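K.L.:
Here you go, one structure.
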Amino acid sequence: NNYCKIKCLKGGVHTACKYGSLKPNCGNKVVVSYGLTKQEKQDILKEHNDFRQKIARGLETRGNPGPQPPAKNMKNLVWNDELAYVAQVWANQCQYGHDTCRDIAKYQVGQNVALTGSTAAKYDDPVKLVKMWEDEVKDYNPKKKFSGNNFLKTGHYTQMVWANTKEVGCGSIKFIQEKWHKHYLVCNYGPSGNFQNEELYQTK
């Protein structure tokens, strides 16, 4: 497993080395299903790109304060199966939060995670989870750089629209914990966004 040779900037053992397979490792949680269908992958990618283009065209009115300025260097993301594989390995641990080492050979990798739960036996569509990241824009102050904003409140939004990020790949798992039906989505992004003192994108 070549992932064991990858040295991440933040240290730690690579997720795909540490866990080594797509076998879910969820303790006493009952795994219902894992992985994304081809359609779900397309829908997640489209949602990212529609949102990036909305920002680029200056159509996002939300913010603290809004609106968000238009962008001149916002390109569409493409799906990357390797990013998706590493994201799926992490999702299959059923641990909400970020893993430590997820980089791939060609670049550093960023990450967004979302978890929803319901006592009804239904699971939110993955696009709904992506929209939760978009909604963080309401707390984003475009007059400040990335580090001037509250990372905990806006970090998923900023990674979604980071202009230098080119690729995305996601993994998903649905499980039951006590009486909660949970859907956990992990998206990995390359090259990573969210660097201190950098702009999300070039404004027009």
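Numbering starts at 1 and runs along the chain as displayed.
Glycine too: its Cβ is placed from the backbone N, Cα and C atoms.
Quick caveat, the model's predicted, so the values are computed rather than measured.
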K.L.:
Of the residues Cys4, Cys8, Cys94, which one does Swiss-Prot pair with Cys17 through a disulfide?
P.N.:
Cys4
K.L.:
If H, G and I count as helix, E and B as strand, and all else as coil, what does DSSP give for Cys17 (disulfide bond)?
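P.N.:
Its secondary structure by DSSP: helix.
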K.L.:
Could you check which of the disulfide-bonded residues (Cys17, Cys94, Cys187) sits closest to Cys101 (disulfide bond), going Cα to Cα?
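P.N.:
Checked the disulfide-bonded residues Cys17, Cys94, Cys187; minimum Cα distance to Cys101 (disulfide bond) goes to Cys17.
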K.L.:
Identify, among the disulfide-bonded residues Cys4, Cys101, Cys170, Cys187, the residue whose Cβ has the fewest other Cβ atoms within 10 Å in this structure.
P.N.:
Cys4
